[in-house]
């Protein structure tokens, strides 16, 4: 009996972990959106988030791999791949994502992540990692799923309905003006963010072949992303007041974001390491993101 219970727990442990992850991500999205509403800059948030994550992950990675530091060297090719992955999967992706969240809404931001399996599938087909045969049922299902994802994202991008709660009678012209400005721009930024994340998933294949430690990879990614995003933010935000942490609410937002991003990145990279079909694996992980808008 005990063996059956243990087997059941082990079998459904990944499912429980992914559900918990979606709840944490939903809380982080709402928290960050509220902080943006209080004046926090999305670009500054990305820099601080990556910098604090580097300070947290780097010592842990060094301690965990202190007996095999020579074996954990990146090399020229590995460094280039990780640099590109950090650029698209952390720096560009997060800046686009949080700017889109700032201009749109938390529900829009979480729903747009459902585009990632479709975009990843298209990219995988383009680079030869995925094969499509119209005569196979699996290929037809993948194509149908891609069309549904893109259609749903387009609907959200170009239509913003009225509020369901605490709604006052809105002027239709004002609603159309809102549609044509921040909402659409935010949606487009979120679509670009999903594309960057899909490209990051495609890169995990060659990266994991040459460099197999997910914790050290996460530390390198956060460090390189800090170096990439900080100069751009300093150039675009010369006002020093934008870099100040104005309240305990903002500080707690940074800390919570660092703890969640560290967990999520390591979880994704670890699955990419142990599962050979990275495109299928990416799709399986992203299926659980369907819970995120509901949460």
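Think of each number as a place in line: the chain as shown, counted from 1.
For all residues, glycine too, the Cβ spot is worked out from N, Cα and C.
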Ranges in play 112-128, 265-281, with TrEMBL marking transmembrane segment at 112-128
Does the transmembrane segment (43-62) come near the transmembrane segment (112-128), with 3+ Cβ pairs under 8 Å (pairs 6 or more apart)?
no
Between the transmembrane segment (215-237) and the stretches 74-92, 112-128, 179-203, the largest tally of CB pairs under 8 Å belongs to 74-92
